[in-house]
Amino acid sequence: MGTRLLCWVVLGFLGTDHTGAGVSQSPRYKVAKRGRDVALRCDSISGHVTLYWYRQTLGQGSEVLTYSQSDAQRDKSGRPSGRFSAERPERSVSTLKIQRTEQGDSAVYLCASSL
């Protein structure tokens, strides 16, 4: 039986308004075999232009993986280049992709948005 990698995906809220609307992520959690590709989607709050992806590994603080303002992507971490990427196919959507998952990728991944 192959080794499985568990990636928890949780909701991140940053700059939410009084209506309670927030970002949504899918899937909410993901279990993947080592070596498989994973894609996580984030839908931002309407009107927010900046989207952030964070990662929190067990026993560690959160780290910014990447953020984008409109279509401009900025890398803010020492994440393994080539395996992690984020795309912004629409103004309000970002997709974090992890290629060839490894044991060390097991973490909580969350997104947030701001004006």
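The backbone N, Cα and C atoms fix where each Cβ goes, and this holds for glycine too.
What you are looking at is a predicted structure, and each value in this text was computed from that prediction instead of being measured.
Mapped onto three states, the DSSP output places Cys111 (disulfide bond) in strand. The disulfide bond annotation in Swiss-Prot covers Cys42-Cys111.
Annotation comment: Swiss-Prot describes 22-115 as domain 'Ig-like'.
Feature annotation from Swiss-Prot assigns region 'Disordered' to 67-97.
Positions annotated as signal peptide by Swiss-Prot, on the basis of sequence analysis: 1-21.
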Can you give me the average pLDDT across the domain 'Ig-like' (22-115), rounded to a whole number?
88
